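If you check TrEMBL, you get these features:
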{"type": "DOMAIN", "residues": "B:153-216", "note": "domain 'CBS'"}
{"type": "DOMAIN", "residues": "B:217-273", "note": "domain 'CBS'"}
{"type": "TRANSMEM", "residues": "B:298-316", "note": "transmembrane segment"}
{"type": "TRANSMEM", "residues": "B:322-342", "note": "transmembrane segment"}
{"type": "TRANSMEM", "residues": "B:373-394", "note": "transmembrane segment"}
{"type": "TRANSMEM", "residues": "B:400-425", "note": "transmembrane segment"}
{"type": "TRANSMEM", "residues": "B:437-460", "note": "transmembrane segment"}
2 protein chains.
Amino acid sequence: MADGNRPAFEQEDEGGATLGPRFVASVVAALDAADGTQIRDLCAELHPADLADLIGLLNRDERRDLVALLGSLLTADVLSELDEGIRDDVLDQLDPKAVAAAISELDTDDAVYLLEDLDPEVQQEILKEVAPEDRTAVEQGLQYPEGSAGRLMQRELIAVPSYWTVGQVIDYMRETPDLPDDFYELIVVDPAYKPVGTVALSDLLRSRRAVIIEDIADTDVETIAVETDQEDVAYRFEQYGLVSAPVVDESGRLVGVIMVDDVVDIIAEEADEDIKRLGGVGDEDLSDTVVATTRYRFPWLVVNLATALLASWVISWFEGSIAQIVALAVLMPIVASMGGNAGTQSLTVAVRAIATKELTSLNSARVIWRETAVGLLNGVLFAVLMGAVAGFWFDSVPLGLVMAAAMVINMLAAGLAGVLIPVALDRLKIDPAVASSVFVTTVTDVVGFFAFLGLAALVLL
Amino acid sequence: MADGNRPAFEQEDEGGATLGPRFVASVVAALDAADGTQIRDLCAELHPADLADLIGLLNRDERRDLVALLGSLLTADVLSELDEGIRDDVLDQLDPKAVAAAISELDTDDAVYLLEDLDPEVQQEILKEVAPEDRTAVEQGLQYPEGSAGRLMQRELIAVPSYWTVGQVIDYMRETPDLPDDFYELIVVDPAYKPVGTVALSDLLRSRRAVIIEDIADTDVETIAVETDQEDVAYRFEQYGLVSAPVVDESGRLVGVIMVDDVVDIIAEEADEDIKRLGGVGDEDLSDTVVATTRYRFPWLVVNLATALLASWVISWFEGSIAQIVALAVLMPIVASMGGNAGTQSLTVAVRAIATKELTSLNSARVIWRETAVGLLNGVLFAVLMGAVAGFWFDSVPLGLVMAAAMVINMLAAGLAGVLIPVALDRLKIDPAVASSVFVTTVTDVVGFFAFLGLAALVLL
């Protein structure tokens, strides 16, 4: 599969295997000149994945021009590599017949990816141009929920009975024209078409023609149920170092196979999702418009506003104290900010450990204890530091002591909240990456302001 | 390779392919009873990766007991699957001869992983028990820097000259006992041992014995230089859907091959690194001690303290205004907090887009413009919202107007800083995930407090 055309221009450009800015600039220049020959010369050597990236890097007008000029270079493989954000836009520009031709050429998982977000009428318009057997496969694929193994799998696979010989299998593969594009193992099935083993191609190659498949099959076969979530699929590939895995329906019958290159994309996607959720951004894309982006981000900011108002309300209880000692207003954001950061640290570790299945009900007590201890230790360290700074700055030992005590309390709360909140959300089957951070900072803001201002009111007034 | 032993107990437990708490509890009970037979019965059916996870889930004492009782179940594969955090601890407990036996059995990349962090003397003690040819391979592997393609690659591979026939290759594979464990393609080399093509095993299988390798080789071979960073290696596998790729030295000679299952681990690891860096935690592990964890997190908190002090200093310029209008102290954290969250949103999107090579010098101007516009739009929306809240709460239209204006200014600053800072760090070759967040919140704190308190001082006093 190592068929990457690494274009020479990459070397002189930004480094790494990206499309360099000089190259893209020459494409844009050719587009401005509407020079189709030049465009096709530039793009002819690109790997489909790079050409798809190039299409994604351009703005909307340039993209439409490029798509119009590419002609036969816009292959089915290029279409299946397009980002979700621009895929539908490009398909919209193409003739349904051209899309149908691409669908016929692709493995089912890629064909389903092309069609999944189109309007049902447009889907039907395209599918009626596709040959019946391919159409059925794609239609069945579309019926599995997004993010399930059924969507990820391709139906193109090689299944053989266990009583065949190596020679029979090899002859079968030589004679069958319509085999999958890439495959690394055969699936051995029983008469009911249930997977009972796999044979790595390397083992097949090393065996003599007379050997019975049953004798070289690995019978510890890792099957995946068709409704399995893609995150679990990725976990299994990662954990067991798989390159492909058979997918079975409710009755255990073989219905497809998932390949590692699709799982690689899922792993990257799931990590991306976690990062974005922790950062309070949804499923947005760099190509989204300003209004769409604002709409994505607005709800999260509203939630944050509510928690900020809660913190302000706590401060308002102590207006009298602040009016008498303005230094409190100067220092209070430090307590909240340090708590927020310490909480984010605990939270990040906990969320990741939950995602990678390192933090489970088995060791959660130990991890909670550890975070509490870390919070306390950091709290004492920063209490000494900030107590001294506050005491000297405002020339008041009692103020320094109040600062120190509030620091210990808030760092402890941060450590505890940072681990308890994601663990609790996970138990409630809520993704801890989505909601943890707002709860944690609410705790550290409220506890921080209340501890500092409350202690100040008690001790200093 | 689908040789995962999925133990039946998983089904009744927590769901997913993890070690369920009931199972782990029975292991712990057997450990408490020092019942070696029971332990081996429980663990005999586990996949090496699951057994390695089990070892990682236990506390230090349990772990030592388990390792002592496992005997021959503690295979080389299990050792190579251990997490970095506990790997050295387990090796420490084993006889150097046993470790040497494992080294001989593993592919070079896994052997190097076992030894890489041991003291040089311990490494030598183990390596002197290893057969000379394996030893040389491991020693060379250790010389490549951590995180490079040289460390990731295995030396076990199949290279054939282009003039061989399919039949010759198949005979060669049948006769050579010491082939790599898993492989999916052959590498075709010229007389100088430079890769000139690859042959997928599926293509080899479909070809007749008399066919010349040259005629079925894919000559668009994606080679990787031995010093390439693992992040770039992962990018290429992801981008081009590779399952393996040949690695070459400075002179272009074939020295090893990288397999997709190792790259899957890298992709997960790199994403994990980005998340942790954004959250202000270093390379810490769930099994680290309280003191080690505190030491990891302390520096980041010190940096945050410095920026919090900067923000406090800005507030202290307006002590006079706050003393006159205490409402300012109540409301000012809202401006800073909303700016901080909006900044984190822009930042998260920018950092991810840089990591996935979607944000480059080509489109940075467009993305900066977009973030500015989103900041302005969200700023106006929240200016209306919070202006009204502040105006009603403290019954003052001018205070509401000051709040509204400060909100627009800070959200705009947040959008700009959120994208400009990571882009600038990336240009300076600094990982934007590490340092961006502290700079962005410094900007939003300082601008937020200064805009709100400054406008208040101008307008309200």
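Backbone N, Cα and C atoms are what each Cβ position is placed from, and that goes for glycine too.
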What same-chain residues lie close to the transmembrane segment (B:322-342): Cβ under 8 Å, and 6 or more beyond its ends?
311, 315, 375, 378, 382, 386, 390, 393-394, 396, 399, 403, 406-407, 410-411, 413-415, 418, 440-441, 444-445, 447-449, 451-453, 456, 460-461
DSSP-derived helix, strand and coil totals, residue by residue, for the domain 'CBS' (B:153-216):
20 helix, 17 strand, 27 coil
Can you work out which residues elsewhere in the same chain, 6+ from the ends of the transmembrane segment (B:400-425), have a Cβ less than 8 Å from its Cβ atoms?
331, 334-336, 338-340, 342-347, 349-351, 354, 359, 364, 367-368, 371-376, 378-380, 382-384, 386-392, 431-432, 435-436, 439-440, 443-444, 447-448, 451-452, 455-456, 459-460
In the same chain, who gets a Cβ under 8 Å from the transmembrane segment (B:298-316) while lying at least 6 residues past its ends?
280-282, 322, 332, 336, 438, 441-442, 445-446, 449-450, 453
Take the domain 'CBS' (B:217-273) and count its residues per DSSP category (helix H/G/I, strand E/B, coil), listing them in that order.
25 helix, 15 strand, 17 coil
Pop the mean pLDDT for the domain 'CBS' (B:217-273) in here, whole number is fine.
90
